[in-house]
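Okay, structure first, notes after.
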Amino acid sequence: MRPFIDDAKRRVDRRLSASRQSISNSRMFASVLPERLRNDNDDDDDSQVDFSAPPGGMGPREGHMQYMHQSIFGMIAAVGSRSGFHARYDESSDSDGEDESRARKDAENLSATAGALPKRSGNESPRLSPKPQSPTPERGRRHRRTISDHKLLRPFKLNSKQNKGQEPAVQSEPQTGDEMSRASTPKRPRSVTPRAAPVLSRMVEARALLDTEDSTKGAPSTTEEIRDEGPTQKSASALSLRLKEMFGFEAPEKVLVEYACSFLQSMLLQGYMYVTEGHVCFYAYLPRKSTVAIKSGYVYKRGRKNPKYNRYWFSLKGDVLSYYADPSKLYFPSGHVDLRYGISASLAEPKDKGREVKDFQVTTDQRTYYFRADSSSSAKEWVKALQKVIFRTHNDKGSVKISFPIENIIDIEESPMVDFAETFKIRVVESEETYAIDEYYFTSFNYGQDAFNFLKGLVADTPMKRSQQTLSPQPEQTSRSRRTRGSQNRWSITSATSQSRGIGKSGNRRRSASTGQFSFGHDALSMSPPMRQQDSSLSFGNSFEQATEASGILQSMTDTTESASQILNRSDVFQSPTIRTMRRGPSGAEKTVRRHSDETARSVHTTRNGPEIQYAVSESDRDTQTPSGLHPSTPALNELVRAGVYPLQRAAGFAEYLKTRSKQMSNLLASESMGYLEKVSGMWAGGGKHYGESENILPDDQAVDPEDLEAGCKDGDRFREHFALPPSEKLQASYFAWLHRMIPLYGKIYISQKKLCFRSLMPGTRTKMILPLKDVENVDKEKGFNFGRHGLVVVIRGHEELFFEFGTADTRDDCAVTLHKGLESTKFLMASGLLAECEEKDESESATAEHRLLQEARLDITGMHSSRSAMAASNELHPIFDDPRASIINFKPTESLRITCLTIGSRGDVQPYIALCKGLLAEGHRPKIATHAEFEPWVRKHGIDFALVDGDPAELMRICVENGMFTYSFFKEATAKFRGWIDDLLSSAWKACQDTDLLIESPSAMAGIHIAEALRIPYFRAFTMPWSRTRAYPHAFAVPEHKMGGAYNYITYVMFDNVFWKSVAGQVNRWRKKELGLKATGLDKMQPNKVPFLYNYSPTVVPPPLDYPDWIRITGYWFLSEGSDWTPPAELVDFIQRARKDEKKVVYIGFGSIVVSDPSALTRTVIESVQKADVRCILSKGWSDRLGDPASAKSEVPLPPEIYQIQSAPHDWLFSHIDAAAHHGGAGTTGASLRAGVPTIVKPFFGDQFFFGTRVEDLGVGICLKKLNVTMFSRALWEATHDERMIVKAHKLGAQIRSEDGVDTAIQAIYRDLEYAKTLAQARSNVSSTPFSPTPSAKTVAEQEADEDVPEEEWTIVEDDTELEMRPTVA
């Protein structure tokens, strides 16, 4: 994968070099263009002339036609850059003071390890661990296990991202097991705040007491003694060897039986149970993380200090629970909860008995978050989903392992829970010295009874074997060591259910019902019980240190053999056993005993990332590594040492508390003020930084301070912490800039491998943005909103544009080039299918290897019936069907429907409906198209019924071309000259739609929604351009010359709806009363935004906006393939073959039936541009001087041999034989050229052509020309036929469009939304007058006004209901 990435980067570097030229205005650099196309003076007469301009006198000014985007919304665009809100925010900010102080503290902690680190060659930054992992000290990850140094997985290591850039010398450097374990527990680079005493602290206290009792009984003091005592099985099977390595047994143990079963806790964990001679083991391979949202919905959240609950949209994706104030703005979270550091998720305690609980809480190592769902069932679903994520994050490497000795099993009994599976419970005692009992529940769908019987018999035979072992002292010693080892570590899942058990003098001991034990590896025995006595007595005071508070998440696996699984240790893995009260009592010292590997080795001041770092910080802790003979061996001496150490450590803990609480005051000291001022001044000075592979600042940046080079890795740590990103997300560059939303926000831009992030640095603001690069379509450079600033526009799929401003042009250009490099690499990985693999490969790679080795070992076993049965069971489907993507409801109606499609306009408006009706015919329905008379033969040719709608489309086209579609001048002329035309249109449409069960209408026809209300039938809308309100795109008839942002985009729809309705409201309401028998209506009563909408363009061309409701669907193009029935002329085929033989590119040029002021000049422009670009052209000349300037009438210009003129040809055949297409940008023509996968040049003239021209350019598959002259057109032709980047993008986009089936998707959408449309029709009819009664009722004016107020009250959308409309559409 790496060579492909390098190639992509080199390819981008060649095109996006340091020339700093405008990416949006100069797509190809001048050095690439041929000499004939270069023009040093672009301000000459030709480059400024537009030969495609409309006839003089038709526009209001300058003799040129003012199109729609210039006539209605000009005033909005004019005032867009007037207001400057930045002046009030010029004051310096200290919002990062806490982060800077924390980073400074981390730097001091890391400085002690510099001498122990191996030196690296070159500019590569030193790494804190020989393992190829990020040098960032991940917070809260000390309980995690590293995998790359495991002796089992080392030969099977795969090429992951973490291995890139690793030097062979470091990889081969030998390490001891102790060093590896210390290197695998990076410290937490975060100030830890004190929190409440843990729920399970009594369990830990009892555990400490147990350790103290164990220390008086003696045991072997070295690992070598224990290893020598256990006999090895030379004839062990492959499965036994794998289990020995995976579970850390002393010697291979014969596998007696295995079963496919599930471990039952708050979740059902499917895996395998292996019963060996000495242990019962369970292994489960966890599935990979999901990159899609696991659960989402509205939940109330309580503030940190404010007890009020606020409603947010929550989304649980990966390891992060994010919440948003607006679900349509998913790139701007209001906050997040990082579940990688989660402890528990549980329902709140009910205040009243019998009352359903809707509150739940999530506890992390930092704080507790309180939530409230809408119902108790929703709360339970959230808790269950959160528990699964927390469980998985604590087993992040992909597998879970449980192991406990058979001799520790007390009993086994059946525990029926479900009817279709056998469930049994195993009760296990922790060790012979304690009464703590763990319970494990296992269930199996096929072999539960067999497993229960076998284990019950095995448990019954265990006392006999144990009594036989006492005859020999050597086996007794081995057995005893196994029991000790088995009880040292235990595994747990967070559970709200716990049970209390009494243990001696330590009081009630609270135990999780799901805790268990597992076995150690060889390195676990390097600490003998005498050693354990010492560290249990001297680790008391460390509970006051900050690292100890967070170390509750840790598990005592520092000394164990590394494995791919993350086995959680006891229930204190979720709670820190920190003692808050400083009371003295008779048993206080006993309650505070800790294990060395759990607490004392994890102090904040202990730097353990290097291979030579010691465990402890005090002399008493260092004594734990001395020979066992130096340790006190009696309880009395132990108590004396403990009593002497207690006051000193209590005082040290209190001093640490004061030091942490006074960190803000320390920032104000004179010794720190200069560094703070330097950082703030640097923040406001702006600029940017680049980071290398190891996140060190690249030395070729301007004004790089040597201290910044050392702090580069900490920038990456803070970046991942700010946005809750995984360690694999490497920081590549950062810039200071302004983000323009409602007001300009000054902050910092972060660019990583797959993310573009922003964080506000303004006081009082908490804006954050997390934008995946795969959702970014393009990056354009534009002028800034304010004088002296330089703008950058980020175009996002299905979202409004983002505007950034930079202080200098160089910084802006550098950010643009860096983003384009990232986009190129991301899109290349997406196209090759490598991006999805990279997102999950690192996390599950080692577990997959371990799982594969275990499966291979299982296959090696022959003659074992249980193994074969387990293999068969693993291939069986789970009996519970739970696939959210599958539909269990058949939405297709049982009877055949009479469907009418109502549309007006040109051929391009009718063609999509023919394709849709052909699909409806195939489904068994009876479709009918109601349109103009001139399209009747074409419609009936395809076997579709036809109904007549009055109106001359040619006349309609004339006023659209001359005035712009639906402009003010359009409505003015239509109102003055076409009142009768609109009346005829409405009346004929009413007649054409009779005998209809379902009506589908283009909203330009204006009559459909009223006809559906009168007929009480479901009503759909369908159109070729955006018509529904959104912030992502402007209205197709109001596209500005420059991107104006989401607020402008949304207001264009509001203004257009009102202008469009006001122009026809009088005639429509008279028609409603006279012919339909309905009362007068308005926009607030019709509620057009509630109508189901079908857009017949591709979601890859116009991605669905995030703020579209569920009933608006982008289905894909409705193509009508007619090319197979068309025979091309022989001259056309010969022309294409000659061009191929001459190795010339072939382009298509056709602008449709447009009206220009000088058609001869436009023809000459086309001819000269084709010759200058050195291409061959197929010309469809439809422009004319109709209604133009009579003085411009000239003889026809002869065409050269490089151009072949045609009258018409099917687009699906023609575009498949050319290299590029240049046209007017109509919806149908644009879809045909994009479907063919050829670069597209768009010269828009009116209507939606400006919108699709902008989309083509934003997608990077073509060029949108604002003016048409020889200079610009010839460059565009040459670039479209020679720019490999554009050609590849167009080819890939064409393949995506061809893979879609827009007609079938539209039909399925109709089926799904049919019931919803029926409810709307019924609701409208209930508040309307009686239909089918053309005679108006004889009511007074006052009565009619009173009636008209009723539907307005019932149908007006209130603000609280908008959240139901703004649900994001799931594609």
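Glycine is no exception: its Cβ is also placed from the backbone N, Cα and C atoms.
Listed in Swiss-Prot:
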- Ser906, Arg907, Asp909, Ala1209, His1211, His1224, Gly1228, Thr1229, Asp1248, Gln1249: UDP-alpha-D-glucose binding site (BINDING)
- 1-16: compositional bias 'Basic and acidic residues' (COMPBIAS)
- 18-28: compositional bias 'Polar residues' (COMPBIAS)
- 466-477: compositional bias 'Polar residues' (COMPBIAS)
- 486-501: compositional bias 'Polar residues' (COMPBIAS)
- 591-602: compositional bias 'Basic and acidic residues' (COMPBIAS)
- 1325-1338: compositional bias 'Polar residues' (COMPBIAS)
- 241-301: domain 'GRAM 1' (DOMAIN)
- 717-783: domain 'GRAM 2' (DOMAIN)
- 1-64: region 'Disordered' (REGION)
- 87-197: region 'Disordered' (REGION)
- 209-234: region 'Disordered' (REGION)
- 466-538: region 'Disordered' (REGION)
- 580-635: region 'Disordered' (REGION)
- 1325-1352: region 'Disordered' (REGION)
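Within the same chain, residues at least six positions away from Asp909 (UDP-alpha-D-glucose binding site) with a Cβ under 8 Å of its Cβ are Thr903, Thr931, Ser1002, Ser1004, Thr1024.
Close to Gly1228 (UDP-alpha-D-glucose binding site) in the fold, though at least 6 residues off in sequence, lie Gly908, Gln911, Pro912, Thr1024, His1211, each with a CB less than 8 Å from its CB. According to DSSP, the secondary structure content of the domain 'GRAM 1' (241-301) in residues is 7 helix, 35 strand, 19 coil. In this structure, the binding-site residues Ser906, His1211, Asp1248 were compared by how many other Cβ atoms lie within 10 Å of their Cβ, and the smallest count belongs to Ser906. Those residues noted as binding UDP-alpha-D-glucose (Ser906, Arg907, Asp909, Ala1209, His1211, His1224, Gly1228, Thr1229, Asp1248, Gln1249) have their most widely separated CA atoms at a distance of 23 Å.
Annotation note: Ser906 (UDP-alpha-D-glucose binding site) sits in a coil segment as assigned by DSSP. For the domain 'GRAM 2' (717-783), the DSSP-based tally of helix, strand and coil residues reads 10 helix, 38 strand, 19 coil.
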